[in-house]
Amino acid sequence: MGSDGDKKKKFIVAGSVSGFLVIMVVSVAVVTSKHSPKDDENHIRKTTKAVQAVCAPTDFKDTCVNSLMGASPDSDDPVDLIKLGFKVTIKSINESLEKASGDIKAKADKNPEAKGAFELCEKLMIDAIDDLKKCMDHGFSVDQIEVFVEDLRVWLSGSIAFQQTCMDSFGEIKSNLMQDMLKIFKTSRELSSNSLAMVTRISTLIPNSNLTGLTGALAKYARKLLSTEDSIPTWVGPEARRLMAAQGGGPGPVKANAVVAQDGTGQFKTITDALNAVPKGNKVPFIIHIKEGIYKEKVTVTKKMPHVTFIGDGPNKTLITGSLNFGIGKVKTFLTATITIEGDHFTAKNIGIENTAGPEGGQAVALRVSADYAVFHSCQIDGHQDTLYVHSHRQFYRDCTVSGTVDFIFGDAKCILQNCKIVVRKPNKGQTCMVTAQGRSNVRESTGLVLHGCHITGDPAYIPMKSVNKAYLGRPWKEFSRTIIMKTTIDDVIDPAGWLPWSGDFALKTLYYAEHMNTGPGSNQAQRVKWPGIKKLTPQDALLYTGDRFLRGDTWIPQTQVPYTAKV
């Protein structure tokens, strides 16, 4: 039971947020109880003003106002109007898909590469719609305004990432179809941007609305809902609870829902067969023990497989390997991953993942993660170009090793790598190495890549050639690329300039790159590039990119029994 002071604070919080929502429709008149033509006029006037208010922060105001008014809103409540925005965006994507299925598909079918790009694009647009549906279905509560807004921003950022990836898939082929696709999906992409702008507007007012006590209260509330005193979720069964607790300290005897073993000592010989045993509509951890061995298979944890956990016998004992690539095999980058994770609430511990295509294979992903609330602990992820594709949503990596050459940690997730070893490998002759290539394409996306307490070093085979094949902390894949490196040891494998342009002056003014409290010979910033987008963080700024603030990690990471540092 809270004190009177707590009740007063909660009242202030609710009043602050409610006040903001009222301000958005400040011109709305009181509705009369009797229906008349005048009532209709008043309703239209009120609704128009409310729509103009919620559309005010958007970049495409005409598109926003026309789409909402065209949907004949029956409410002037701003939350209802924002959710109506999600609905019209879904409708627009579906209509654009239908149009593309006629206009573009006929052209794409004549070219195998274009056909593959279109088929991938169809899937990605459906994924984009799914994220928008999550937003529509999310219950709103003033008492949980921060959680509400955070979830919406993550899912809207995910929807935008899926749509951008669709366009990128056409960029990998020699064709003018990308321009055709951009034209067809222009309105739906504008609507997606507008939805994010409306939601972000709420979030920008939260810190100024006397909500300082809310974050802690919400974290405490979420923990109460999800977990017992031992920080394991209440919905975890007793056997799964014992297993998760046991695995927190490393590999050991495992009793799981499914066991994979190549020698026949488990129920399954392949990981894919074990995944097929995940119950439909699964809502509790389904733990798959993958015994020691080399598994040559392409593994996909689909969106219909939430709450899956992989536990191996060690990153050097349980190895999942593949070699799909774009450079030689002409497989779309998005589809080259040895392991693909799309099911939410995924956890992996003590496994190795690799793509063996080599530097000549070009883009060759070892691990691609598009799931929300994904956690990897004590895993080794090896490749060359595009090793780790942190595609979208919330992701956390702890005590992992990631190796590669070009853009080998890339994507548009809201992601932290903590206490990880980042290894630059020997590239092809003439190649330059970039550790990161973050892909935020909209300035309001909540996404970004944080390396916290990591160690950036070089493979022994790379060290002799570091002065010729230089390595950099990263480059901006998209216009609003955001990467923060803090409390990380940086060896002298990184060039003193630190960062590399993508092409010309692209994104140099709009990116957000920061280094904070790093150590090691490669951390000296005296000769760093002086781009407008390079930031110097204050200690207060750095708090925004910690586990508890950037990922709201206190509410979900401890439940996985993975080590986790919440603060700087």
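Placed from the backbone N, Cα and C atoms, the Cβ positions cover glycine too.
According to Swiss-Prot, the active site, proton donor annotation covers ASP386. Summarising the environment of ASP386 (active site, proton donor), the number of other Cβ atoms within 10 Å of its Cβ, over all protein chains shown, is 30.
Marked as active site, nucleophile by Swiss-Prot on the basis of sequence analysis: ASP407. A sphere of 10 angstroms centred on the C-beta of ASP407 (active site, nucleophile) encloses 24 other C-beta atoms.
What Swiss-Prot lists as substrate binding site is THR333, GLN363, ARG475, TRP477, and the listing cites similarity to another entry. Applying an 8 A CB threshold to same-chain residues 6+ apart, the list for GLN363 (substrate binding site) reads ASN325, PHE326, GLY327, THR333, THR336, GLN385, ASP386.
Its Cβ taken as reference, CYS400 (disulfide bond) is surrounded by 23 other Cβ atoms within 10 Å in the chains shown. Positions annotated as disulfide bond by Swiss-Prot, on the basis of similarity to another entry: CYS400-CYS420.
Annotation source Swiss-Prot lists N-linked glycosylation site at ASN94 (among others), citing sequence analysis. With a 10 A radius on its CB, ASN94 (N-linked glycosylation site) counts 14 other CB atoms from all the protein chains. Taken residue by residue with DSSP, ASN94 (N-linked glycosylation site) is part of a helix.
For ASN210 (among others), the entry in Swiss-Prot reads N-linked glycosylation site, with the evidence type sequence analysis.
When Cβ atoms from all protein chains are considered, those within 10 Å of ASN316 (N-linked glycosylation site) total 12, not counting its own. Swiss-Prot lists ASN316 (among others) with the feature N-linked glycosylation site.
The region 'Pectinesterase 23' annotation in Swiss-Prot covers 251-548.
Marked as signal peptide by Swiss-Prot on the basis of sequence analysis: 1-33.
Residues annotated as site 'Transition state stabilizer' in Swiss-Prot: GLN385. Its Cβ placed at the centre, GLN385 (site 'Transition state stabilizer') has 30 other Cβ atoms within 10 Å.
Among the recorded positions ASN94, ASN316, CYS400, CYS420, not one has its Cα within 10 Å of the Cα of ARG475 (substrate binding site). Within 10 Å of the C-beta of CYS420 (disulfide bond) we count 24 further C-beta atoms, all protein chains included. The recorded positions listed here (CYS400, CYS420, TRP477) include TRP477 as those with a Cα within 10 A of the Cα of ASP407 (active site, nucleophile). Taking the Cβ of TRP477 (substrate binding site) as centre and 10 Å as the limit, one finds 22 other Cβ atoms among all the protein chains shown. On the 0 to 100 pLDDT scale, the region 'Pectinesterase 23' (251-548) averages 97 in this prediction. Looking at TRP477 (substrate binding site) and ASN94 (N-linked glycosylation site), their Cα atoms lie 28 Å from each other.
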